[in-house]
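Below: one structure, written as structure tokens.
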Amino acid sequence: MVLNKALKNKKYRVIDIKLDEKLARRLQELGIVKGGKIHMIRKAPLGDPIHICVNGQNISLRNSVCSGIVIEEDK
Amino acid sequence: MFRHRYRRRQIANLSEKIVKVAFVGNPNVGKSALINALSGSNLKVGNWPGVTVEKKEANIIINNQMFSLVDLPGAYSLNPFSLEEKITRDFLIKERPDVIVNVVDSNQLEKSLFLTFALSEFEIPMVIALNFFDEMIKNKTEIDIKKLRDILSIEVVPTSGIKGIGIDELKKAIYKSVSERDLPNILFEEKLDKRFKRIKEILSDKKEKLGYPLSFVAARILENDQQVISELNDKKLLDKGILELAVDNTTYIESRYKLISSICKKILVRHKDSNEITQKIDSILLNKFFGLPLFFIMMFIVFKLTFDLSKPFVDFTSYFINDYVGKYTIYLLWFLPDILKSLIKEAIIGGVGSVISFFPLIGVFFLFISILEESGYMTRAAFLIDKLMSSIGLSGKVFIPLILGFGCNVPAIYATRGLDSQKDRLLAGLMIPLMSCSARLPVYLLFTAAFFENFKELVILCLYFLGAFIAIILVILLQLAVPSLKMDSTPFILELPPYRIPPLKFLLKLTGFRVKSFVRKAGSVILFTMILVWSVNSLPYNAPSGESYLAQGSKAISFIFAPAGFDKWEAVATLLPSVVAKEAVIGTLGQILEGEQGNSNTAKDSEEYNFLSDTSKVAVRFKDSFIEAASNLLNFFTIQSFQEKEKDEGLINRLKTLFTPLSALSFMIFILLFVPCIVTISVLIQEYGIKWTIFEICMLLFISYSVSTLVYQAGKLFVH
């Protein structure tokens, strides 16, 4: 599934990043890398953007970006 | 005296060369506060040439050596994504600082080390400042500093810029790294390390021609950075075989992160989640239900406080300059001819006064904005409101400057500095003059009192919405028309930094510097305009108000405004003064209309000069402005700005002879959309350059004329 579908307060693992190179690179630099963990924290009150936690760092991403981040639940 | 001499000798002993120290770090790691703590009172705040990114610099002396400290804009990496990162990277490559101080948030070591590793490729001696170290201790986290030092082979100093911890140690470390010139280790995982060393070997004989540090080039080739590779290919510096050693940049970054997490496992012990407090606050401030209401309350508070607190002082300053300084300057210059006295009093002192009277407003405003920014709430605000703004192609952060524009356009334009992309900055700057500022309100109040007595609130509200609506249309059209402003050029990635209580002393100092830079830059444009407007308004000297150059000019061009419904020269004559200040429309109208009735003999000549009593009046008013500010605070929820001054029935009656309700509406719309006041213009020039300012002015001329014409013509269909 993609990051938009992530549920509040659950942890996920990144499987793939399907975005243009520059954007993908930026996300990787922020620690959103294949195999890395993402903690979905909340959606903004208006539904976009979302608030995630990566490596102890709080990041906000728009849904348009999230739809390019493929994840699976982290067990 | 003695101290002065001592200082001179100290400077004489300095070696000629000034050592350049660049401060580099992620956004929100407290770099500015750290430089501030290092430099004491020498901090300078300006802009990077040509862009609206703030530049802070300071010179300090350590052991008889002059160091120039430069605060580079915050960066996550040096593969430039934002304008800030480009400035930082270009500075490191072109200016080649002697030392890099890498400021690191001790609470977020993993994230920060990514930049540290990127910096190590520049082959510049480096010092790490583990900032917010006190916070880290509170968070029950431990970092093995010695091990970190050994791994990177550079000095690591625990600091807190806010609390002033570790400042002397940092100075020593900077000094030491300059004299010893030790370079940081460039670390890779084993597999990549072999390739990296091999690339370096191959390139080493062309070292001088590369134009970049050798390790930097080698690392770029390793990660297959197309930009640098094609640049070197053009210079024919790359052998074919070398590119086979490259990996793709995903592998490169992932490998770096693996290495960082393995290093952190060795040196970092966390007993507690450092995010805990921030997450608790966020669960309230970003709450699904309370988040937005709290945001609007917060905006309301900032807006109200900025304008209510500063207003009494703004009024006082303008009274002080015009009615006290101006009056007595003229008194002392009794020997000058009247015309020069009038020029000095009205244009020069008035111009200086109009700049100075902005001090309290800009001061209070900058203070609040820096509190919002430094505390970490600003990015939350952007998070909350982003969806609304994204529908017109902007980021959530743009909302705040736009709202402030309703108070005063000048600080609102300054607030665009905090925006992340150059595109957002520019578009917000072009929108702000359409936000109806509080100086336009008196004009609406006067005209609605004359023509729309029964539903004036509605008319005024519609005007506010009209301005905002046109601004939105404008932004959408601009993005369609100008390719570089296309919608999707800035993906919205926002870091939500931990909440922090910003140090008041630092906030005040920063505010002081920003106010100073406003004065320096705004002054000359404003003065020039004041003299120009004075000249057309007061010359030929002593002519009745219907025969000044302004009146003659207005009479000549008033036909242009016939389609918009106000071709009376008296109305047209207010337009130029409205550029000095929007509320000047009323004063000018009053003057002209009074002049026509032949009672222009105002109290000018009968002014009394009683220095003592006037001075005590100034003191009383100064005291009163504190009381008024305090009472504004207490009466927080009354809407100050809507309170009317006593009505000038005479003026209102005379207005009714000049305008019909429809042409009055058209005139108000024109004033709303017309060229902004000169202070706003000078700030636009300062922030976006002369080209965009001229573009904005031409556009506003077009918009104001066409919209008011449209309204008038459409209205005529209904009225008839």
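Heads up, the Cβ atoms here are built off N, Cα and C, so glycines get one too.
Pulled from TrEMBL, these are the features on record:
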| type | residues | note |
| --- | --- | --- |
| DOMAIN | B:18-180 | domain 'FeoB-type G' |
| BINDING | B:25-32, B:50-54, B:71-74, B:131-134 | GTP binding site |
| BINDING | B:Asn36, B:Ala37, B:Ser39, B:Gly40 | Mg(2+) binding site |
| TRANSMEM | B:289-307 | transmembrane segment |
| TRANSMEM | B:319-336 | transmembrane segment |
| TRANSMEM | B:348-372 | transmembrane segment |
| TRANSMEM | B:392-414 | transmembrane segment |
| TRANSMEM | B:426-452 | transmembrane segment |
| TRANSMEM | B:458-482 | transmembrane segment |
| TRANSMEM | B:518-536 | transmembrane segment |
| TRANSMEM | B:664-685 | transmembrane segment |
| TRANSMEM | B:692-714 | transmembrane segment |
### Cα-to-Cα gap, B:Asn36 (Mg(2+) binding site) vs B:Phe132 (GTP binding site), nearest whole Å
15
### Nonlocal neighbours by CB distance (under 8 Å) for B:Lys31 (GTP binding site), same chain, sequence gap 6 or more
B:Phe23, B:Val24, B:Gly25, B:Asp71, B:Gly74, B:Val103, B:Asn131, B:Gly161
## Note on the structure
The rounded CA-CA distance in Å from B:Ser39 (Mg(2+) binding site) to B:Asn28 (GTP binding site) is 19
### Annotated stretches the transmembrane segment (B:426-452) and the transmembrane segment (B:348-372) touching (3 or more Cβ pairs under 8 Å)
no
### Tertiary contacts of the transmembrane segment (B:692-714), as residues 6+ beyond its ends and Cβ separation under 8 Å
426, 429-430, 433-434, 466, 470, 474, 563-565, 662-663, 665-667, 669-670, 672-676, 681, 684-685
#### Entry: Protein Cβ atoms within 10 Å of B:Asn36 (Mg(2+) binding site), excluding its own
24
### Query
Can you count the other CB atoms that lie within 10 A of the CB of B:Ser39 (Mg(2+) binding site)?
18
### Task
Tell me the Cβ neighbour count for B:Gly25 (GTP binding site), meaning other Cβ atoms within 10 Å of its Cβ, over all protein chains shown.
29
### Query
Measuring Cα to Cα, how many angstrom lie between B:Glu54 (GTP binding site) and B:Gly40 (Mg(2+) binding site)?
19
### Query
Does B:Asn28 (GTP binding site) have same-chain partners at least 6 apart in sequence with Cβ under 8 Å from its own Cβ, and which are they?
B:Gly74, B:Asp105, B:Gly376, B:Glu495, B:Pro497
